[in-house]
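**Student:** One structure, pasted below without further comment.
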Amino acid sequence: MSNDANSISYRGMSSDNIKGLVLALSSSFFIGASFIVKKKGLKKAGASGVRAGVGGYSYLYEPLWWTGMITMIVGEIANFAAYAFAPAILVTPLGALSIIISAVLAHVILRERLHIFGVLGCALCVVGSTTIVLHAPQEREIESVREVWDLATEPAFVFYAVLVIATVLILIFRYVPQYGQTHIWFYIGVCSLVGSLSVMSVKALGIALKLTLSGMNQLTYPQTWVFAMVVIVCVLTQMNYLNKALDTFNTAVVSPIYYVMFTSLTIVASVIMFKDWDRQNPTQIVTELCGFVTILSGTFLLHRTKDMTDGSMVASRLAKHGNEDGFGDEGIPLRRQDSSRTP
């Protein structure tokens, strides 16, 4: 029995999984680096124009900011390609590595000191990611986009998709107008719920493109274009409400909450649609969940301590910004930052 379990675990790291892993790691590097490059561009633009945090757009004329944006696009393309080769349960949690890269580069390039507990958070993310990589399920063999469509139209996933869409519509039309500016959960909830559907569609579209490039044209199937339309609608909705969240609340609060909700819902959606756990034994599933919890712990710890240097320095910096213009580090009113912590 143990030999069978070991063989299943070994087969999990197939050649496709390895390709997906390399692409996901590349994506994390490019996206993590892009934050630093864009921040340097924002600082340079803010020194000679109106800061982005108070409504300025001078950064659009800054080449350094555009370099960061192009770097992020390259990272997103690599992430898109990763879903074509590896299961979402492997690719999505590895997004936490971009946080580590961003924190390390900020420490080296921007001289933003990384607290000792931030280093511990990075280590936890690496341990959790390694655990998931070593126990990831083998990618399902799919020979046509119609197979993905069949998976997407099974009763279980249809129920999940309908539930997500109904919840999103209720949030958008009933709760967001009333509570969006004071409770972070509503903006992030819309982003995360829609994001879980967008990842499934991205994976379906990625598989279609991979098969097309290998000689089996999938562009003639209407299902491919349906998935493409779903991707466009979901991504635009996601970006809209994520921008609202970032504009309203502190990034240090938005990022970890969004990561946890988005990743958790994406894994649930993948388990329902692609039945990832059907190809694994209980030990592997529990190990993956432990790895995921470890990543979550590291992410929260890293975000919680990334601005901690010396307590007096933090207090004086906040006081300075509060006295000068009533704005925090990112151009967000401190009063609103406090309200974002209210459940």
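Cβ from N, Cα, C; glycine included.
Pasting the feature list from TrEMBL:
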type: COMPBIAS; residues: 332-343; note: compositional bias 'Basic and acidic residues'
type: REGION; residues: 321-343; note: region 'Disordered'
type: TRANSMEM; residues: 20-37; note: transmembrane segment
type: TRANSMEM; residues: 58-78; note: transmembrane segment
type: TRANSMEM; residues: 84-110; note: transmembrane segment
type: TRANSMEM; residues: 117-137; note: transmembrane segment
type: TRANSMEM; residues: 157-177; note: transmembrane segment
type: TRANSMEM; residues: 184-205; note: transmembrane segment
type: TRANSMEM; residues: 225-242; note: transmembrane segment
type: TRANSMEM; residues: 249-273; note: transmembrane segment
type: TRANSMEM; residues: 285-303; note: transmembrane segment
**Student:** Hey, which of 157-177, 184-205, 249-273 has the most Cβ-Cβ pairs under 8 Å against the transmembrane segment (285-303)?
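**Tutor:** Stretch with maximum Cβ contacts: 249-273.
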**Student:** May I ask for the residues of the chain that lie six or more residues beyond the transmembrane segment (117-137) and have a Cβ under 8 Å from a Cβ within it?
**Tutor:** 9, 12-13, 17, 21, 86-87, 89-90, 93-94, 96-97, 99-100, 103-104, 276-277, 279-280, 284, 287-288, 290-306, 308
**Student:** Cβ under 8 Å, sequence separation of at least 6 from the ends of the transmembrane segment (84-110): give me the contacting residues as numbers and ranges.
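**Tutor:** Residues packing against the transmembrane segment (84-110) from afar: 16-17, 19-21, 23-25, 27-29, 31-33, 35-36, 39-40, 75, 118, 122, 125-126, 128-129, 132-133, 136-137, 139-140, 199-200, 203, 206-207, 209-210, 255, 259, 262-263, 266-267, 269-271, 274, 276, 288, 291-292, 295, 298-299, 302-303, 306.
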**Student:** So what's near the transmembrane segment (20-37) in sequence-distant terms, Cβ-Cβ under 8 Å and 6+ beyond its ends?
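**Tutor:** Non-local partners: 64-65, 67-69, 71-72, 74-76, 78-79, 81-87, 90-91, 94-95, 97-102, 105-106, 109-110, 133, 139.
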